[in-house]
Structures are given as C-alpha cells and as structure tokens.
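So the structure is just underneath, and the comments pick up after that.
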C-alpha cells in the first residue's frame, strides 16, 4: 500500500489536481470548460519551460537557480535586437543562442571547474541579471512587434503557437529521457561513482544538462515577451524557485536520479490551475502564494514521511536476511 | 601458458606521503584464474582499480590486449575487454536490473534482455530483470555487477571479493561459470580472503603486503602455511609484547546483542584489558561497534558499561557512560578535516565546554596530547587534512582520550598508517590499558592482534566464531576467521 502511493507520486498528483478542479467547478459553475483548460495551459507555459529545463540538471544531482536571470537576459536580447530592426526569426535565434550560451557557462563552471552547482548558479544568477540591467539601463523594453505577440496569442483550438511548441517539447523530452542515452542523467545522479565506473562521460552529461536548461530558459524568455508584449526589468525574477518547487511536487528528487517529464508537466498544471481557480473563486490574488505554498508543503511533508518509512523498511529487510543463518551448527565451530 | 591479456609493470601509487603500491608487476593470461591475496591495506583493490582505469597510477605501465595505456579511462579499458567487478556493487538504486546491467552499452537495454535472462539462468539465481535495484539484497547487487561483466563479453574479468555476499549455492554456480569462461580463453582475477575458495578455482597466486609483491607462484606450489606466512610474517611479533598488566573490574558486558549484520554477541571486557575483535571484512565487527555507541539501532540483547545498563545507546549517552568509539574511516567519520587540530581534540567534549569558548585552553589541551603522543604538526591551528595518516590517527586518539574513556573501542586504528607511527600507536594503546582503560581493538591485521591483545575474539558471518587466548598462533586465528563458517548471507 505504502509502495503503491510512494511509487505512483504522479498518479496521486493527477488525482489531487482533478479533485481540486472538480471542487472549484462545483463552487464556481462555468469553470470546467475547454476555455479554462486553454487558459491554464497558456498561463503555465513559462513556468513549464523553466521547470522542464532544470529537470535534467536535477536528475544529475545538481541544481540551477539561474533560470530566471537567463529568462530575463534572453527576453532582453530578443527585445533589443528586434526593436533595432533585426528580423523576428533572427532575434528569436539570437535570444535562444544567448540563453544556451549562458547555460553552457553554468555547465562549464560546474562540470569543468568543479564549482558546486548551487554556488556557480547563484553567481550567474546575479551575473546574468546584471548584464541584462546594464544592457537596458534598467529601462523596460516596450513596443514589441505584433508578429512576436502573435506567437503567444490564441491559435488553433485556443492554444497559441508557442503553446503547441511547448507541448511538443515536453513530449519530446519525456520520450528522450526514456532512450539509452536519456537514462544517463538519471544514472549520474543516482550513483555518480557507478556511472564513472561504467565509463559514462559524466562531465559531458552534466555540461549538457546545464546547457539544455539554458536553452529552455531562453525559450521561456521568448514566450514571456510574446505573451505580455513588453520586457520589464524584473522579468523572470524568482521563477527558478517556483520551477524547483514544481519539480519537487512532480516527484523529482532533489537528490538526483528520480523524476519524469510527465510528473513535471502535471505539477506545473497543478500550480497554474490553483492560481486560475482562485481567480474564478474571486479570492484576491495576494492569497495565491499562501495557498500554493501550503499545498506544496502538505504534499511534500506526506511524501517525505512515506519515503523515510519505505527506506527504513528496505534497510531492515536487507539486514534481516543478512543475519538469518540456516539452522545448522557446523562441526568446525566446535574446534 | 596462454597469451598475455593484461599486464601491469612497475606500478607505483602514493596518496600524499602514504605509499600504497611499490613497483608491483602483475599479469593476467588467457585461460587462467589468478588469485590476488593480501591483508587490509595491502593494496590489492588499488592495484585492480588502476588496471580498470578508476585510479591513476603514480608510475608504471599498463597493457591490455597488447595496447599500452598511459592514463586509461574506464571506457577505454572496457572497450579493450576488461571489466572489474568491484567489492561494493555499484548500482543505480532507482533503475531496473536490466537498465543497471546495460547502461553504457552501445544499444538500448531491451536488446540485451534475452541474453541477460540466459545468463541469470546460467548462474542459477532468480532475480527479475525488471526489479528495481534498490529492492535487491546485497548478494543480488553483486550479481548485477557479475552480469555486467558477462554481458560486456569481457576477456579479462576481475572479481574483487565476489563471494563475500553470496550463498554457497550461488558461489558454486559462480565458480562453474568462471571455469567455463576460463576454458573459453578468458583470463580472470579472483580476490578473496577464503583460502578454500582460491584452492577450488585458481591456477596462480600473487600475494601483496604493504604494497609489495611478496609471493607470486603457481597455486599448486603453495601450501596454506606459505600463503599465510607471506600475508603476515608475524611469527616473531610475540617478542615485542609488553609486560603483563593488572586486570581490573568488569568494564563492558554484552549479552546476546543483535543488530544490523550481527546476531547474539556475548562478550566481556575488564578494565586494563585489551580484547581484540578480529575477523575478515564484512564479519559485522564495525556494525557491532556502531550499535554499541548508538549509531545503529540495537535490535536486542543487553549492554552494560561499568556496571550500568545502557538500554538505549546514543552517541551522547555512550560518551557520558565512558564508552568511546573511534571509527575505522578517519576521513569520513573521524576528523573534521578543515577545522584546526586543537578543535578536533576537543570535539568529543563540546557539550562540556564553557558557553563562551576559550581557544587558549583548548590549544593547551591539544599541546599536552601533541607532546605525549609525538604528533608531528606545525601548529595547533593547522587543518587536519594536511597531516599524514599516522598523525591523523594520533589526533583522533587525542580526541577520544579527551573524553576520558573507561572503555575505548578502536576500529582498525593502524589502517593506512606507516610503520613508524604504527609503533607509536601500539605504545599508546598499551599505555592506556596500563592506566586501566578497557580497550576493544577491532582489527583485521592478525599480527597486530597477536602483538597487542590479552584475549582474541574472532567474528565471522555476524557471530562470534570463537575466543582464543592472547598470543595464539596466527594460523589458529585465520582458520576461525576464514574457514569456520559460511558467510551469514545464506
């Protein structure tokens, strides 16, 4: 029974999400519509991208807290270049390249120079935000072209073009993590020494994970700019912490080696659904953080206790077998 | 003899000032099983890790299948057909057995499923390829490693104590498999402490002691006595024994104590006495010691220190009762590596220090121990990481003594310690016993045990295999430790 719950964290989370949505639907008729679903998906895109990007990093038992700054930096690169007359596709490409390079620098610091991930990315968190502020002089970037805004506006069956892109990326990541090489980040986080022993390119895997996180944060920056139509100087601030919270809620272990893209998608939807539902229930927006935080703590507390109980049981079982001798008294003992 | 598959020439390895291997030659030929033997710290695991590309050698040459490698990586070594099955299975707890075995192979895991199922059947074991590795028992984790070697078609297979966690039935199946591999032209290295196992399958033997090759010959030419003599030439050690000491009141009593990895241990220890608790790695000695001081749960039995029962041991309660444990793992559980030396000395008694710390007093405390124990260091503020193994061990002893122990448990106190410092540590242990401290000496070094102990308890498979008087012949101890029982994981 314990096993079933602890090992099916994602299924449990799906049930809770559905229950919450149904409850809100009862309290506020008109909530349970396809339109609401499209809104929830759209509201969650930026968080989804950052969280899915950090997923491989955390699977390798590292962490990346610079996602929000990379998001802001990429959005500024996009805004500045497109307003300077660069064609939209070129500006998007530059923004993605900037974010990927920022992620690669994180990866080089951690995998190449051996800086602890939390230290390296706390440093670049400030560094990238600083570059962004210097580039804009602290000003907001406004007047973004309509072509960009169209990427974030409603498209086929109520989903924006970027919404489709993110859905496709989530699916691709989920599949990629199941391939032969896709298991490598899991392996590195699960037992680094074993991965080294088996000849896996441990440092390249870690480097690749951080680079991927940078790319995804950059795409989040593009999405952010397209959805709101301007780039404030605090764009993305604090989103890395929400992303990490969503990862943990989605069953990703901060100790590495455990987690699925599906779990992350469900967790992001859960968070966004709560925010959206609060709007429907006409609860003031300043309650969002409190309720979201309380939900997160509750789920994690229960999950943590379950894991401890499971571990204790596994350990006891191992040693019980180790000391159970067959019932016999070897003759040589007497000697 | 078959063709040369792998060879090490003049391999030397030093960790800082500690020389682990000195100019060692080793070769593996096709169609042979080569036994590698040696006591704790003899360097056999390090030698094999160098061969597998896991540890770089300080000097020497490595050739595998004719290819000379200066700085081999694990991937290169495995591509050349060598696989090391390590002593502690390297598993990924959250992945399935199938994924664990196949990770790092050129194709996706499901391509290998049939072969793995066949190998599992050949080994005569029953594990499911889809089981999560975390749920595997210790023995089955070892099998995952053996399967890794088999699935990689390794021509050179190094097995570092593979049988220590297997049942007799599984050992026999493994040996059958090893013979089949040998007959098919593979070369195998078999590391084990169990002489009868070596006799059953090995063709050649190499014995290491203190990083030197002390015996290399066909196994048939080596009677047990010659092998044991090569491992521990301790016959002369007796003459160094100290004068008899005065034995005092009962200081430590264990009655039927059980816990993780050991069962039904009864022992008594008196003040001023040195009781050695010896045996091979995995016999449950460290687990027992950690349980006595509350680091592991006590499953049953009675524990008494200085006549007072200790029903629920905890590290604090143990220290307060006068029971102090010094871990075998200096780096991980003993020292505060970055802290200054004098804080290491005071670290066991922090709860007795004044609220406002006075570093001067702690430095003076350290200086007293430094002088009496001949700790070689530059200043009390120096960090512990920079000291040699022997001096680190003395700092740890000073930490234990600062707690004024009545019963002192020392776990492998001279592992990785050079010969000079070893003599100093022996003198300190004997001096302590002369002052009335009851010493429980956990050691796998039979020379040391014979040299120091008043009584010798031998542990095997989580139980006491027998008790011998101090100064018993090494052969007697070895027989109890190696042969008396099958491992407990049956």
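Just so it is clear, glycine is given a Cβ too, placed from its N, Cα and C backbone atoms.
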With TrEMBL as the source, identify the stretch among A:156-177, A:178-199, A:288-309 annotated transmembrane segment.
A:156-177
Range annotated as transmembrane segment in TrEMBL, from A:4-28, A:104-128:
A:104-128
Rank A:37-59, A:71-98, A:205-231, A:243-270 by Cβ pairs under 8 Å to the transmembrane segment (A:104-128) and hand me the top one.
A:205-231
The transmembrane segment (A:205-231): which same-chain residues, six or more beyond its ends, come within Cβ distance under 8 Å?
42, 45-46, 49-50, 52-54, 56-57, 59-60, 62, 64, 66-68, 70-76, 78-79, 92, 95-104, 106-108, 110-112, 136, 140-144, 148-152, 160, 162, 165-166, 169, 184-185, 188, 195, 239
Quickly jot the same-chain residues contacting the transmembrane segment (A:71-98) by Cβ under 8 Å, restricted to those at least six beyond its ends, or write none.
46, 50, 128-129, 131-132, 135-136, 141, 143-145, 147-148, 215, 217-222, 224-225, 230-231, 233-237, 239
